[in-house]
Amino acid sequence: MLLAAVSLGLLLLAFLLLLRHLGWGLVAIGWFEFVQQPVHNLLMGGTKEQRILRHVQQHAKPGDPQSVLEAIDTYCSEKEWAMNVGDAKGQIMDAVIREYRPSLVLELGAYCGYSAVRMARLLPPGARLLTMEINPDYAAITQQMLDFAGLQDKVSILIGASQDLIPQLKKKYDVDTLDMVFLDHWKDRYLPDTLLLEECGLLRKGTVLLADNVIVPGTPDFLAYVRGSSSFECTHYSSYLEYMKVVDGLEKAVYQGPGSSPVKS
């Protein structure tokens with residue numbers, strides 16, 4: 001009995017120390033991704049992403065992007081958490097799309113296609129969205145999600161690592177410069193890929209970078225770079241982590257042209 005009590009106490013202490021170090025947001029993400037999801041996979045079969053797609057196919061209306069978004073939001077808020085941009089931050093994204101009306105958008109990180117559907121439904125006629133996804137299983141689900149929403153003609157999925165695909169955009173994908181970039185992939189790639197976009201001449205004066213999850217999990221090096229560089233004019237939009245009451249935010253960084261930067265690598 002004493003040993004059990006001591007063990008429980010040590011586990012509680014370890015949890016509290018982890019919570020203090022990481023914060024509620026990262027601990028919650030870890031719980032959902034590494035504890036809850038494997039259990040659900042075992043009990044329900046398939047993957048979480050496949051279950052999200054199946055829910056959309058069963059509950060959304062084909063050819064209706066808004067109903068697709070609502071079905072994903074309902075599933076992820078009531079059944080299984082997933083790292084989509086979500087409706088709270090999604091409304092901020094909508095406002096940015098409506099303000100700038102981009103004709104060519106690059107998305108880094110497609111996941112299940114939520115943000116691709118969200119952006120593509122608001123793009124003006126003739127506009128296109130290129131979305132990069134390193135995981136071929138996620139890319140396949142994104143394609144099915146776009147097909148179901150009726151947006152397949154507006155979006156092209158590029159499968160591979162962003163650092164490999166970005167240098168190919170001009171020659172292989174007929175890109176001159178980008179009007180908007182949505183960053184929502186690996187957080188440690190935000191800064192390197194921003195630098196790569198600059199180096200490849202893919203940004204023009206007025207190109208909008210919109211970065212998700214800059215607070216949780218967090219992108220401190222990216223924020224330090226864009227906020228400290230005269231090449232960018234930044235605006236922070238405080239919001240909540242998708243499907244949680246945990247503070248997160250989006251960072252908008254509008255490219256002003258080459259300037260002084262605190263980071264050179």
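Numbering starts at 1 and runs along the chain as displayed.
The backbone N, Cα and C atoms fix where each Cβ goes, glycine too.
Quick look at what Swiss-Prot annotates:
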TRANSMEM  3-19  transmembrane segment
TOPO_DOM  20-265  topological domain 'Extracellular'
BINDING   Val85, Glu107, Ser115, Glu133, Ile134, Gly160, Ala161, Ser162, Gln163, Asp184  S-adenosyl-L-methionine binding site
BINDING   Asp184, Asp212, Asn213  Mg(2+) binding site
BINDING   Lys187, Asn213, Glu242  substrate binding site
MOD_RES   Ser260  phosphoserine
MOD_RES   Ser261  phosphoserine
MOD_RES   Ser265  phosphoserine
Of Asp184, Lys187, Asn213, which binding-site residues come within 10 Å of Val85 (S-adenosyl-L-methionine binding site), going by C-alpha to C-alpha distance?
Asp184, Asn213
Which of these binding-site residues has the least crowded Cβ, counting other Cβ atoms within 10 Å: Ser115, Gln163, Asn213?
Gln163
Check the topological domain 'Extracellular' (20-265) for me and report the mean pLDDT.
91
Which whole-number value in Å describes the distance between the Cα atoms of Glu242 (substrate binding site) and Gln163 (S-adenosyl-L-methionine binding site)?
26
Residue from Ser115, Ile134, Ala161, Gln163, Lys187 whose C-alpha is spatially nearest that of Asn213 (Mg(2+) binding site), among the binding-site residues:
Lys187
Any idea what the Cα distance is from Ser115 (S-adenosyl-L-methionine binding site) over to Lys187 (substrate binding site), rounded to a whole Å?
16
Neighbour count, 10 Å Cβ-Cβ cut-off, for Val85 (S-adenosyl-L-methionine binding site): what number do you get?
24
List the binding-site residues among Ile134, Ala161, Gln163, Lys187 whose C-alpha is within 10 Å of the C-alpha of Asp212 (Mg(2+) binding site), in sequence order, or say none.
Lys187
Across all protein chains in the structure, which of the binding-site residues Asp184, Asp212, Glu242 has the highest Cβ count within 10 Å?
Asp212
